[in-house]
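See structure below.
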Amino acid sequence: MTEPEITPELIAAHGLKPDEYERILGIIGREPSFTELGIFSAMWNEHCSYKSSKKWLRTLPTTGPQVICGPGENAGVVDIGDGQAVIFKMESHNHPSYIEPYQGAATGVGGILRDVFTMGARPIAAMNALSFGEPNHSKTAHIVKGVVEGIGGYGNAFGVPTVGGEVRFHRAYNGNCLVNAFAAGLADADKIFYSAASGVGMPVVYLGAKTGRDGVGGATMASAEFDDTIEEKRPTVQVGDPFTEKRLLEACLELMASDSVISIQDMGAAGLTCSAVEMGDKGDLGIKLQLDNVPQREANMTAYEMMLSESQERMLMVLKPEKEAVARAIFEKWDLDFAIVGETIPEDRFLILHGNEVKADLPLKALSGTAPEYDRPWVETPAAAPMAPVAEVDPIEGLKALIGSPSYAHKAWVWEQYDSQVMADTVRAPGLGAGVVRVHGTPKALAFTSDVTPRYVKANPFEGGKQAVAEAYRNLTAVGAKPLATTDNMNFGNPEKPEIMGQFVGAIKGIGAAVAALDMPIVSGNVSLYNETDGVAILPTPTIGAVGILQSLDELIAGQPEEGDVALVIGETKGHLGQSALLAELLGREDGDAPHVDLDAEKRHGEFLRANRKLVSAATDLSDGGLALAAFEMAEGAGLGLTLTVTGTAQLFGEDQARYLVAVHPDQTKALQAAAEAAGVPLQQVGQFGGEEVTLGTVSAPLVDLSRLHRGAFAAAIG
């Protein structure tokens, strides 16, 4: 097959700038082949190289006594004691999910699960953070239904419980949804598998499903803005098979137990190219591949297609040579392909052979370690103008506006499509704050949450970045867990625009300050840029996934109050309405500054709640919608009415940070008040749970009517 001529148009179609192509010519001293151009394009795009973000990601705190492995591997590894580790990561599948919602979301789940089990962990929990356009937008319902069905279809069939996440709607996502997938697994701390190749002449082995043409160019597509050619990009979306992935998991874990593996890497973005280059680069070795040996499910595939295919359920391994027969037998037992496709070499070369031809011969380090790195121009986001006055609103009408919005409505429509109980270790299912999963065979449990408030980040990237971490800290604390570590999924627009790059820089600085203050180091993550359509960017959305630990289920704080429990707020309420959910949902406004986060107060109040958990019947953090929404959700979830004695729009709906709502048995109220006074922590009694009415200040509504609205609004909006 004749390869196409390398033209400026072909170079641009590969996402390479003219100066980047000149850099390639300088590195290799000649014009690249078509396959080589594809390899450079895949390895130098944002999705694989982090060329616009690397400078700032390096500033994040990533270490601590609990951290076994931080960023740079497939996922982060954190010590949970007793010789065990939790391995976790969050990453995006935004562009594919907009183009082909079901498969885009499904393969996002599959990819993050492989990131976890390629390190030797059995997945125990999944979450997803989803951002969609306005419910009445022509594409939104189709995308929501496809994404949720895809997540459920893959996760349920694979057999991992989905235990949490978030769903939001905003016009900024009309042309670019966000699908951020999280997975966590358990492994023995001394049996972690890494991706760095070692040893010369070691066999490089292809494992799993066969290679097809699906996903060719997917990584490059994920590093570009959308325009009116979006439908043409549908072939770049991968197709997943969760049953094959389940077999791949079992085969990999069995293989790892046989002492056969030198290094292992899943094939994700840029497929065979990225996995081989990363293994060689980390091990300071070259890689030679013979593509004739690659298992193919389609005829006449070219070297270009095989190197850039993003077919799912595939791994690449450097194998101990003497273990070939053992390893082959394991994969044949699981009805999966096992093929030796290359070897490690001492030279700094990435050598690709197909037929009797050399299709690529490149310096391997140039593809990864010396890829372009940019210090993009950025401008600081201007300080938000003061919030315009807010007239007092009927609190019941304010509450109805929130619970009738699909962003804050009950999400049973979503959760019920996910299996949250598979593996039989789920303690708290979706919809009750952080998810909690037992560490099988031990008294311990792990808690999981994902959080961000994009309105805050747009108004004030630094405070919004801090708040995403602080809310994750509170959500873990509210179930009784001690926060351990975090993963970040940075979703932003075009970094070549200084104002967008300024949002990114501000958010990174805020996240860094918060994870340092709250001892929640970033151990893994993902950056998704160019989330724009026709020049319109998404809201800056730096999603934080966080993990906490309970040493036993005795430390668990329940999520439901009991009849007659007293409602109290831990933390100070000043009544901050800027960028609040009430402004957005009731008044259609997004003005004012984001609430500022006092990290000292966050830590102090969180430690206070964990120290006094035995006095508390139930707890939740206060965030979107303030006291009114949190109290209603807590009461309604228990089938109880509610009376809040505080009055005033700002007091009921303000979104001041570092606050928790707790339900306390009347007999324990004085003890908690005494503990708060001794600790110097603000504690305000705000009402009581019980009855069949919801009373906010001086106005009331029947619980049954509000519950009907809350539980029906999501399905009504999506249709």
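The chain as shown is numbered from 1 upward.
Glycine too: its Cβ is placed from the backbone N, Cα and C atoms.
Among Arg114, Arg122, Arg328, only Arg114 appears in Swiss-Prot as part of the substrate site alongside Ser92, His93, Asn94, His95, Gln238, Glu310, Ser311, Gln312, Ser528. Record check: Swiss-Prot places Tyr50, Lys89, Gly525 at the ATP site, and the matching candidate among Asp488, Asp565, Asp591 is Asp488. Considering other CB atoms within 10 Å as the measure, the emptiest surroundings among the binding-site residues Ser92, Asn526 are those of Asn526. In terms of Cα spacing, the binding-site residues Lys89, Arg114, Gln312, Asp488, Asn526 that come within 10 Å of His47 (active site) are Asn526.
The most crowded of the binding-site residues listed here (Asp115, Glu310) is Glu310, judged by how many other CB atoms sit within 10 Å of its own CB.
Among the recorded positions His93, Arg114, Asp266, Glu310, Gln312, Asn526, the ones whose Cα sits within 10 Å of the Cα of Asp488 (ATP binding site) are Asn526, in sequence order.
Among the residues Ser92, His93, Asn94, His95, Arg114, Gln238, Glu310, Ser311, Gln312, Ser528 said to bind substrate, no two Cα atoms are farther apart than 20 Å. Sequence-distant contacts (6 or more apart, same chain, Cβ under 8 Å) of Gln312 (substrate binding site) comprise Thr107, Gly110, Gly111, Ala209, Asp214, Gly215, Gln238, Val239, Gly240, Asp241, Thr244, Glu245.
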